[in-house]
Amino acid sequence: MPLGERGGWERSESRYCGVETDFSDDVPSLLSFNISTGGFDYVLAPLIDSWDLWNSFRLLCDHDRVHYPLKLHLDAGWEGESVRAAIIGTDSFLTNARGYPCLSKRHQKLVEGFFDHAVQVVVSGKPVHNLPKASESNTAGTPRHPLRSYLDYVAYLFQKMEPLPEQERIELGFRDFLQAPLQPLMDNLEAQTYETFERDSIKYIQYQRAVAKALVDRVPDEKASELTTVSMVVGAGRGPLVRASLQAAEETGRKMKVYTVEKNPNAVVTLHNLVKMEGWEGIVTIISCDMRFWSAPEKADILVSELLGSFGDNELSPECLDGAQRFLKPDGISIPSSYTSFMQPVTASKLYNDVKAHKDLAHFETAYVVKLHSVAKLAPSQSVFTFTHPNFSTKANNQRYKKLHFNLPSDVGSALVHGFAGYFDSVLYKDVHLGIEPTTETPNMFSWFPIFFPLRKPVEVHPDSPLEVHFWRCCGSSKVWYEWSVSSPTPSPMHNTNGRSYWVGDAAQAMGF
């Protein structure tokens, strides 16, 4: 083989351009290498940057414990790679007014990113700054390390970093940790899950704003003391949406009657206690029932729900609200009124390796909820599916298909796509929205992490080669699932055909709703 040899059948061993690597199965390996093109131009000529060389090396090794030592100037897309160390050459440092080394604002930000990703910073090279003689030794008179001034500056950058916000500290353990999405139609949520959602005050402030706007539009000021708005909160949980709705009524001076529908018997107990404690007995009616099987005694003016998943529709909000909209008056309002899913390609070596560690097909065909951290977002997100409520069309169909084209910005360079990050944005009512799509996300909200759709085989993409992906939302008699595949620049297998690996249970369709 022109690039090396394979040998040592009793161990995992490869030789690449004179660099020998020997990997055990349980020890991470950090490699630093300079590959000369001398004598290998015919092989390496198309590889125009260090990332291409690194990518070729790791693909030849086919080993997920090879890690990348990053040179400071090679910063595009590094967040998604297995970077363990960052090498800063002394010639990358500028000189401050006192003659000491410092970094540009751009490089300072980059180094702070290394710290945030637990990347070891290595200073390399000979001193290039003429420092005052007094700085060449410490107080004890012993010689200082010749690179001490550079190291001191790096330490200074670390010390001046802002502490993580409280919520970020709470979520540290969830960074790049793959979780299965909720199945709220099939499973009852646990008390701890409710508690997490209920702490997200920003979300309920947005719901309160939406309900308040709907009440003002629905009931003019001159009839505020006469008309009573009928509100139905479906999938009410332990009552935060009930509270938000009643606070909106109080804020706007409107009268409201609330039907609260919840199938989880444990949550219903908490609801009864809440109603009694707040003195809402004459205002709130609690129905311990699945919304799909309840017969409402009257029609609602406003239907409020909290059924959105990380991808918008992935917890079957469309199916639930299609069934629940029978409660609404013909001119009734649904909150939310619409929601759209979004998607973007990502480099995510850690997530990919965690999926690969399961050594089966099913995990590569499953969507995961994950707090994205060691991920490089390669192109702006694009909209995928949109659902609007209420939808009284007799031809309503929740199956969807979308073909997306992504072009990598030139500053990203070449990249390896390990999968797709998914988000949602929801219009609660008119100009009140809620979402986690990066460019429009609701600040300080933490109820949803993004969703991740992995690829069985990563796809190498270059700036001049658009990435084309196909995405389906499929509906069966009792389940809903997604299928996805890449068709360009190289085709990938179809993922999750017929929902063979991952699906969301939908008993509502089986009941004919």
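Cβ atoms here come from the backbone N, Cα and C positions, even for glycine.
Predicted automatically and left uncurated, TrEMBL annotations should be read as such.
Per TrEMBL, these features apply:
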- Glu306: active site, proton donor/acceptor (ACT_SITE)
- Glu315: active site, proton donor/acceptor (ACT_SITE)
- Tyr194, Lys203, Tyr204, Glu262, Asp290, Met291: S-adenosyl-L-methionine binding site (BINDING)
- 47-160: domain 'PRMT5 TIM barrel' (DOMAIN)
- 167-335: domain 'PRMT5 arginine-N-methyltransferase' (DOMAIN)
- 338-504: domain 'PRMT5 oligomerisation' (DOMAIN)
- Phe197: site 'Critical for specifying symmetric addition of methyl groups' (SITE)
*Sequence order is fine: just name those recorded positions in Lys203, Glu262, Asp290, Met291, Glu315 with a Cα within 10 angstroms of Phe197 (site 'Critical for specifying symmetric addition of methyl groups').*
Lys203
*Measuring Cα to Cα, tell me the gap between Glu306 (active site, proton donor/acceptor) and Lys203 (S-adenosyl-L-methionine binding site) in whole angstrom.*
10
*asked:* Rounded to a whole angstrom, what is the C-alpha distance between Met291 (S-adenosyl-L-methionine binding site) and Glu315 (active site, proton donor/acceptor)?
replied: 15
*Can you check which residues sit near Glu262 (S-adenosyl-L-methionine binding site), meaning Cβ under 8 Å from its Cβ, same chain, 6 or more apart in sequence, and list them in order?*
Gly235, Ala236, Gly237, Val268, Leu271, Ile286, Ile287, Ser288, Cys289
*Does DSSP give Met291 (S-adenosyl-L-methionine binding site) helix, strand or coil?*
helix
*CB neighbours of Met291 (S-adenosyl-L-methionine binding site) within 10 A?*
25
*asked:* Below 8 Å Cβ to Cβ and six or more residues apart, same chain only. Which residues does that give for Glu315 (active site, proton donor/acceptor)?
replied: Pro181, Leu182, Gln183, Pro184, Leu185, Leu307, Leu308, Gly309, Val504
*State the three-class DSSP label for Glu262 (S-adenosyl-L-methionine binding site), counting H, G and I as helix, E and B as strand, and everything else as coil.*
strand
*Among Tyr194, Lys203, Tyr204, Glu262, Asp290, Met291, listed as contacts of S-adenosyl-L-methionine, what is the widest Cα spread in Å, to the nearest whole number?*
24
*Across the whole of the domain 'PRMT5 arginine-N-methyltransferase' (167-335), what does the mean pLDDT come to? Round it, please.*
93
